[in-house]
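What TrEMBL says about this one:
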- 17-72: domain 'Alpha-D-phosphohexomutase alpha/beta/alpha' (DOMAIN)
- 91-189: domain 'Alpha-D-phosphohexomutase alpha/beta/alpha' (DOMAIN)
- 224-333: domain 'Alpha-D-phosphohexomutase alpha/beta/alpha' (DOMAIN)
- 342-442: domain 'Alpha-D-phosphohexomutase alpha/beta/alpha' (DOMAIN)
Amino acid sequence: MVLFNVSRVETTPFGDQKPGTSGLRKKVKVFKQPNYLQNFVQATFNALTPQKVRGATLVVSGDGRYFSKDAIQFGMYWAVDGYRGLRFTIKIITKMAAGNGVRRVWVGQNGLLSTPAVSAAIRERVGLDVSKQLVFGSKATGAFILTASHNPGGPNEDFGIKYNMENGGPAPEGITDKIYENTKTIKEYLTADLPDVDITAIGVTSFCGPEGYFDVEVFDSASDYVKLMKSIFDFESIRKLLSSPKFTFCYDALHGVAGAYAKRIFVEELGAQESSLLNCVPKEDFGGGHPDPNLTYAKELVACMGLGKSNPEVEPPEFGAAADGDADRNMILGKRFFVTPSDSVAIIAANAVEAIPYFSAGLKGVARSMPTSAALDVVAKNLNLKFFEVPTGWKFFGNLMDAGLCSVCGEESFGTGSDHIREKDGIWAVLAWLSILAYKNRENLDGGKLVTVEDIVRNHWATYGRHYYTRYDYENVDAGAAKELMACLVKLQSSLAEVNEIVSGIQSDVSKVVHADEFEYKDPVDGSISKHQGIRYLFEDGSRLVFRLSGTGSEGATIRLYIEQYEKDPSKTGRDSQDALAPLVAVALGLSKMQEFTGRSAPTVIT
Ligand code: G6P
Ligand code: ZN
């Protein structure tokens, strides 16, 4: 048994460690400052309180993104293959965990775990003890997830860290506020002089320190997660779909951590062709790309699916999907067809009970974030389901799920998920769609015409009406200018008469604004109130304009503009969404004086 000592290391605070929507995200060069990571980790331990940290089980892993080339200097061992940065950070956090009296740390092999797999591991996994005996049903106390999600990676790009709680979900504001307060006054951190643990090999290594034993268990990144997926979906029926010559499939991991799961699930378990996987080798810089699954950044998949600039001679696959860096986001595409995330969650909710065994007893309720379109609301109303509208950020769904009020939820930002874990889940969303396709085609695979993704979406619109929807992102705008723009929009809300005068001056044929406010949410479970969650302009015909500042960027500000219009008449649900929304877009740009404030004549990304 290797013994270790604990020491206290003096440090001084950094002023910029306020966690955003999903943890602390900064440029790698910021994280590279001595003690920057250590301060944040110790501030988190202090916020959780020493009593909770002592004896805890912590998951520590991430999406494999670059942290620091300098990590190599910590020994050749770190340089033998990729994920140097990740190993470096895991090493720091593991030593600090031991120093703070944590009982054991669980690490995915090579330090890789998707965010949903971390959430699942916290909630339940089959652990090993030192003698390699299985410990059934172990739960963890929480996790450090090393990711900046969909932000690019590499020496000049982003790194991130966030803490998840024992329910498997992101830390609530009460904790992240405490962490931030602690980072402003931190004077020292605790660390142990542990030797390196080989995180490439599965197994348990045990140490003994001043407060007793400390174990590091390295486990297979995918096995537990695959088991969980098998307990939710009917793999047999999906396998039948994927092996049918009528059905073709394509999955793009954008070189994020989803690649570590895609081969195991889609190819090995479900029989998809290996050639159907694009960019499924996790890379620390995501191959130089932007690992965000949308129509702008998932270029290869978009072209492969026959959207945008594609080769008209090649027949696109029937189904395509992509994930972000940490595999919690998803984009769903049909042949030459884009499914908006807002429609995706509504369609999953509408079909879940029939198509997905996990939901066969019925849905407890459904929820969406405020800027997400109201497509889900219509489904909830028709199916008589409990419905919740929460602020942006997955953590708000967690409370509802813990209270048994919500089964399926989603966000316009390409996040979809359920109460199987407390994070959104990119691979789950793909399996949900494949389940719906398998169900709709259960009698067509041997003969008959395939029901396509596009058919499913168009039928949904015919039944429930269509919410035309688009989002304009203005990335890396001057932060001061963005604030001013938002302040002006809030000020304008005090006079609807003035608003409507401006609106009709820009576009005479849109309906009237009947309500305008800043979204505020009272959590029905714990009563907490979240204010300033986005500026809304609601129109008489159900249309909406929403303005928000992104909470996930690492530089400047990103303004998001969400535009939505409801069309109930089935004969009018087939239009191109940019055409249908053009008048409302003009109103939004005029009302906000977008160009005047930001100097931008066009958005960075349109989805
Ligand atoms: C993360 C969260 C999501 C949220 C999104 C919003 O991905 O996990 O729940 O919707 O950020 O990002 P934004 O940049 O719009 O604040
Ligand atoms: Zn993500």
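Just so you know, glycine gets a Cβ as well, placed from its N, Cα and C.
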Taken over the domain 'Alpha-D-phosphohexomutase alpha/beta/alpha' (342-442), the model's mean pLDDT: 97
Summary of DSSP states over the domain 'Alpha-D-phosphohexomutase alpha/beta/alpha' (91-189), given as helix, strand and coil counts: 34 helix, 30 strand, 35 coil
Secondary structure content of the domain 'Alpha-D-phosphohexomutase alpha/beta/alpha' (342-442), with strand meaning DSSP E or B: 49 helix, 16 strand, 36 coil
DSSP helix/strand/coil residue counts for the domain 'Alpha-D-phosphohexomutase alpha/beta/alpha' (17-72): 25 helix, 12 strand, 19 coil
Helix, strand and coil counts within the domain 'Alpha-D-phosphohexomutase alpha/beta/alpha' (224-333) (DSSP): 40 helix, 16 strand, 54 coil
